[in-house]
Amino acid sequence: MTAPQVPIAAIATAPGRGGIGVVRVSGPDVGPVMRSVCGQALKPRHATYLPFLDGHGKVIDHGLALYFPAPNSYTGEEVLELQGHGGPVVMQMLLTRCLQAGDGIGLRLAEPGEFTRRAFLNDKLDLAQAEAVADLIEASTEAAARSAARSMEGEFSNAIRQLVDKVIHLRMLVEATLDFPEEEIDFLEQSDARGQLATIRTELSGVLAQARQGALLREGLSVVLAGQPNVGKSSLLNALAGAELAIVTPIAGTTRDRVRETIQIDGIPLHIIDTAGLREHAADEVERIGIERTWDAIRRADIVLHLVDATDYLRHGLSETDDAIDDQLSGQLPPGSPIVRIVNKIDKAPAVGDVVFGGNRPHVVAANGPNPTEIWISARTGAGIELLRRELLRLVGWQSGNEGNFLARERHLTALRNAQSHLDIAAEQAEHQAQALDLFAEELRLAQDCLNSITGEFTSDDLLGTIFTRFCIGK
């Protein structure tokens, strides 16, 4: 693949005021811009302090200029970077000046992500690494940033390439058997093809597990707090966030609209959504709209916490309204979606400690008990909150302390799952070698295509456009 030959320019730093701002120019020949704006040719890969000049030789700003000859640059093309004072007016003046100076060579404003796209097209990085650049910029936690850096350094790509190499080797053995059926030597039997396939499937499962963990770091979890009015949803939001974010009063229906806050638990972003209380008849039109938005949030949630009042629960069991909410939750969410009943306000109920329910009968377990599906808490005192935090992570399969995660995207997970599916089918075909060897080879090819799509070895132009247009301009 070859990048376009038209030179591009953009402000590479974020909008707003700052101590330093950067204008980046990339293309097959940035010499005219360099000589016109900097007044001289620059020594490659050295920072030179000088004035940046307008078209009349007047000073726009003073700063550092750096020139990177091709192919030893970020994009693989010639790159000029001008580092000046980071005011928006100064940066815009400098960018405009570069575009004027480069008019004769067709210099134009870069599109979002175009510098990184050129780096990909010039084989400076693969597609997974290119995506990791954007993920590192957008990382919302330290753990996410570290995982993105590992992917940017090529750890994810290397794991994929190792799998691809093993699939290719196995395909060669299969193709040899198909091409020379008259040979008495059974290539598959001699090379233990089934054993090789089993190894590939095991390693792919490991990469998929790491990618799932990385996807959690990147996307986080959407956790909706649902329940009747005045059961302590806003208090629980405040308890999880460790700050008074939502208004808490004894008046039912205080929360009329969704309140969203992002917190971190073990490096995972949790998007906690406090919602309007659910009840059959809204008090007014505003509350009715709030309840509709609650159900909209529930349908989009990864986990739903259904809060009930501990005192009422102990005295009368689950109310008809809460029972109806349970039924509605089950109907609105995809099968298998986690719904955890949170019994709140245990500080106002008889001393129950850390209690969870099993079946229809309550029983007491330790705070680190096995897989609770109902948790008793006090959002006011904090009792049970740590247990709830651990349960949220357990429900999504988070493995604490895993330093080898890749910051994966949904398309990576889809490609890995599809590759896994093709290898599973190949394993079934391998059991009927004589009758289905050609099908076995085809499933291996399809699995290889899925894996190659992650690094961009086999990728459509439409997908590339979708990925790179989500970058910021200047990157």
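Note: Cβ is positioned from N, Cα and C throughout, glycine not excepted.
These come from Swiss-Prot:
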BINDING   ARG24, GLU81, LYS124, LYS475  (6S)-5-formyl-5,6,7,8-tetrahydrofolate binding site
BINDING   230-235, 249-255, 274-277, 378-380  GTP binding site
BINDING   ASN230, THR249, ILE251, THR254  K(+) binding site
BINDING   SER234, THR255  Mg(2+) binding site
DOMAIN    220-397  domain 'TrmE-type G'
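Sequence features annotated in Swiss-Prot and their locations in the structure.
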{"residue": "ARG24", "record": "(6S)-5-formyl-5,6,7,8-tetrahydrofolate binding site", "DSSP (3 states)": "strand"}
{"residue": "GLU81", "record": "(6S)-5-formyl-5,6,7,8-tetrahydrofolate binding site", "DSSP (3 states)": "strand"}
{"residue": "LYS124", "record": "(6S)-5-formyl-5,6,7,8-tetrahydrofolate binding site", "DSSP (3 states)": "coil"}
{"residue": "ASN230", "record": "GTP binding site", "DSSP (3 states)": "coil"}
{"residue": "ALA379", "record": "GTP binding site", "DSSP (3 states)": "coil"}
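Neighbour count (other Cβ atoms within 10 Å of the Cβ, all protein chains): 24 for ARG24 ((6S)-5-formyl-5,6,7,8-tetrahydrofolate binding site). Here ASN230 (GTP binding site) is positioned 57 angstrom away from GLU81 ((6S)-5-formyl-5,6,7,8-tetrahydrofolate binding site), judged by their C-alpha atoms. Within 10 Å of the C-beta atom of GLU81 ((6S)-5-formyl-5,6,7,8-tetrahydrofolate binding site) sit 20 other C-beta atoms, taking all shown protein chains into account. Every protein chain considered, the tally of other Cβ atoms within 10 Å of the Cβ of LYS124 ((6S)-5-formyl-5,6,7,8-tetrahydrofolate binding site) stands at 19. Within its own chain, ALA379 (GTP binding site) has GLY232, SER235, LEU236, ASN238, ALA239, ASN344, LYS345, ILE385 as residues 6 or more apart in sequence whose C-beta sits under 8 angstroms from its own. Comparing the binding-site residues ASN230, SER234 by how many other C-beta atoms lie within 10 angstroms of each C-beta, the top residue is SER234. Cα of ARG24 ((6S)-5-formyl-5,6,7,8-tetrahydrofolate binding site) to Cα of ASN230 (GTP binding site): a span of 55 Å.
In the structure as shown, the Cβ atom of LYS233 (GTP binding site) sits within 10 Å of 33 other Cβ atoms.
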